[in-house]
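Here's what TrEMBL has on this protein:
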type: ACT_SITE; residues: B:Lys79; note: active site, charge relay system
type: ACT_SITE; residues: B:Ser154; note: active site, charge relay system
type: ACT_SITE; residues: B:Ser178; note: active site, acyl-ester intermediate
type: DOMAIN; residues: B:27-468; note: domain 'Amidase'
Amino acid sequence: MQREDLISYLERLVLVRFTESERKRIMEEINKILDFFKSLDEIKELDNYEPLFHVHDIEGPTREDEPSHEVELQRSDVMLNAVLEKGYVKAPRTIEE
Amino acid sequence: MSHKYISTPAYQLVEEFRSDPQKIHDYVDAIYDRIERVEPKVRAYITIRSRDEVHKDVDMLIKSGNYEGPLFGILVAVKDNISTRGIRTTCASKMLENYVPPYDATVIRRLKSAGAIVLGKTNMDEFAMGSTTETSAFYPTRNPWDLSRVPGGSSGGSAAALVAGEATLALGSDTGGSIRNPAAFTATFGLKPTYGLVSRYGLIAYASSMDQIGPLARNTRDLALLLSVIAGYDEHDATSLPVVVPNFVKLLDEYVHREQRLRIAIVKELFERSDISVQSVAGKALDRLCSIHECDEIELRYTKHIVAAYYIIAMAEASSNLARYDGIRYGLKVEVENRSWIDVYTEVRTRGFGYEVKKRIALGAFVLSAGYRDMYYIKALRFRRMLKEMFNEIFKRFDLVASPTMPILPPKLGELVADPIKMYLADINTVIANLIGIPAISVPVGFYNGLPVGLQFMAPPLAEDKLLYVSQQLEDMLKLRDLIAEVS
Amino acid sequence: MSFEIPVKIGLEIHVQITALKTKLFCATKADYRSEEPNTLLCPTCLGLPGALPKVNKKAIEYAIMVAKALNCRIAPKLIFCRKHYFYPDMVKNYQISQYDGPGSTPIASNGFVRIIVDGKPKIVRIRRINLEEDPGRIHYPTGSLLTSKYSLVDYNRSGIALLEIVTEPDIESPREARIFLEKLIAILEYLGVTDTRLEGAFRVDANISVADQARVEIKNIGSIKDVERALTYEILRQKSIIQKGGTVSRETRHWDSSSKVTVPLRIKEFEEDYRYFPDPDLPPITISKEWIEEIEKRMPELPDARIERFVKQYGLDEYRAQVLVLNKWLADLFEEAAKEYNNYKSLADWLITDFLRWVKEFNVDPSRVKATPKHIVKLLKLLDEGLISVRMAKELMPKIVLEGVDVESFVKQHGFSKLSDESELRRVVEEVFREYPRAVEDARRNPKAINFLVGAVMKKTKGRADPQLTIRIIRELLQSQQ
């Protein structure tokens, strides 16, 4: 992929836009950073190791199916940062134009 | 410099307050007077609670009659990525400039029940993505020892607040060195706990598999005191370790009393990669420590690759964690009527995030995307396992691994951010602990031309006690404790 | 005869685990249907910064039950992944789900469901089952996505535990799809996992390819009836394209339940890249053999086993057994009644024909049917004793279903018992003879014409006359008057 195309692809992937000056800067940096990341290819024995997702080998805990009192207390506050209309959160149109 | 209250250790203040709780009010005033004097120059905080509000908190605390809290009456500065109910929590981002969490992070609850009072929220790199506190969307924080230099980051505000005398204790978060780096640059003590020792519930995520909240303080004993309060199993965090947390202060006394000899590995490459200035100061301190412990040099391969693996994983997780910021339920608001959601989301995220954040989440999404994922992300995770096994071997022979905390002295503002690779490589010594989930500490060991140098120690999982032990020994030897910068 | 074009259908079924008290990843109450919008939320299910998920153990157990019931292989570790896509109903813009790829696996895979189509057994393979979280719900101020200037979101549903069940493309007709879904719903109902009658608790996406052409996905189908309708529509649409010599293009279509057609959604510029990776907030959970065994012990008898038992224990044929069993409440009613009534075949027939017909006719929720097993047994006993006629029994059925009337007292009160008193019946027959002399003449000449007279007697007695006795009396009278 061309660098210019790559930037546009990334913008769409994470829904951000770079300004003109940022674009220039990131095109320079992205080459360096991806090359830097590529340095892992130098280590041949890497394929002998399984990917490590969680640093500790612990058993995932679970929770009982019981409503929490604590949650009840927070109920009235959790929506304070949203714009509401008749209790609904106001959001943009959902069609893709 | 030693004004009454400003430089007094927390453990002493607590004793004083227990015998006369009204003194807490005098202490609060002393700190606020200090803030009024130095904060315009340092800019350690994003939000400072009003003096009156805090005095009211003190009244309530005294009325509660619970004088036995281990942090009774202590003012704590909290990094602005830790959720505080009713106090805005911005992550130093325009995205969350007006966001007020409806809940307290678990560590905040623990602080409160220990009798501590949150004084304010400290500046940081935006979403903790940086090593200098310069990517804050609001303003950079200055290093109190030299206002033309950065205090480190991303918990730069917390470290600067401590050494400027604007708080007694501070909380930071550490994903790749964000507590230890500013601790080293400000001559304070900072500890990144074992992954899972301190609950992440309420910590605004950057890279979830590496993020840890940790304490910053001006002496080892305070560090141990704060760690004891915030550590412990939390049912709200599924990665929280189900362990019984000891009283680190008591444990520290026992260690010092026993004078136990430790085996310390010195990582040659990490010393050699450091600036001469850092090498000389850190080396001298280490020599003194090695006179009472057993030290040996070890080699570490793949130092550069460690940083590459770290940034791949951190950016990948960041791209996921920061996807939720779309301005709909909270955060930056824009007009939504007659607009498609893609339009609105793109505008919110473009206006809400700074350059470094946008760059990291874009690259993070890239290394996770189909066709590139195995090449970058999965490879980095393979490296992570290899690194963990390497350190498992090292810890069979050694109790601790030593290196400078930062390979450089605190840079001038603008110096490091200009070159991303140089900036990322400065994290080389600190990211190891995050990649493999082990604890690490930064201890102040001296100054070079008036600029602080820190020494880092890493330990196996849950060996925080040993880190605190060497920290205390160095503190006793070097007398670099309870330091307050003049700020001028 | 028309040449049959091959059809391949695969289904993706989303089922809410409505049996749970709380959501999948937080301790917020799950019963959101009666709540005001955006009131059933906590930091976790609203995706607030810093909030973390913690898995509901019961949800895993229900998922394991379903996996077992669908004959699946269960993963030794439950690994949650993040599936990334932006949309206003998503609180984190990623969904915590599972994924078949590096570091992850669905909770269950490689299963199958047995169905019977036109008397022949058939297997529909299950590709996988995922345990995941439901997103919020989007409403439109004008009621329509197209004309609304903005949308309104209710996040109460966010975080509700959801099972995604995906079949292989083994289904060959819309009717088969219906039969499969009826079986699947019955299994879920037996397990007590979900109440599929609740609005939104059961949603289907269908993949369909006709004559080995491109696969078309139909999204958003909310009921079994609509699945059958949507697939039928889509087959017709695709066949007509093919017959005109065109080719079907690969696309995603939306089922519009009000106009009963599928409409195209925008064709995507590039393949969706979900960027799956294991959720760092959720360490893997071991699903041990012991745990599975313990869950199996708690599992109720499932439809297949019950059908088999009905055949053995009650001597029913497989068809009757299946109709009963797939309507769990009806099968339960049958078994209760069978304790006091041993003509099982007659009992089954009455239940699956008249009784079920009225329940469907009145659209009564099975939980609101007033009839108890005792009512049914009484009715059948009265019938057997000749105290009521078949016709009366049929007439009484809706009253039993709707009002739960006590048959015995009703019959007594309304004189509804069968008229089998010979002298009284003879009097009615004589009356009919007087009224219809021509019909009497006809009946003398042609024995088949007797039916008119029987009908007249029935009419006069409001159907109470015993048919056998009536015929005998008419024949006697015809002979004696000759």
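Quick reminder: no glycine exception, Cβ is built from N, Cα and C everywhere.
Shown on the structure are the features that TrEMBL records.
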{"residue": "B:Lys79", "record": "active site, charge relay system", "DSSP (3 states)": "strand"}
{"residue": "B:Ser154", "record": "active site, charge relay system", "DSSP (3 states)": "coil"}
{"residue": "B:Ser178", "record": "active site, acyl-ester intermediate", "DSSP (3 states)": "coil"}
On the 0 to 100 pLDDT scale, where does the domain 'Amidase' (B:27-468) sit on average?
97
Cβ neighbours within 10 Å, counted over all protein chains: which one of the active-site residues B:Lys79, B:Ser178 has the most?
B:Ser178
Compile a sequence-ordered list of residues in the same chain as B:Ser154 (active site, charge relay system), six or more apart from it, whose Cβ lies below 8 A from its Cβ; state 'none' when nothing qualifies.
B:Met124, B:Asp125, B:Ala128, B:Met129, B:Gly130, B:Ser131, B:Thr133, B:Thr135, B:Ser173, B:Thr175, B:Ser178, B:Asn181, B:Pro182
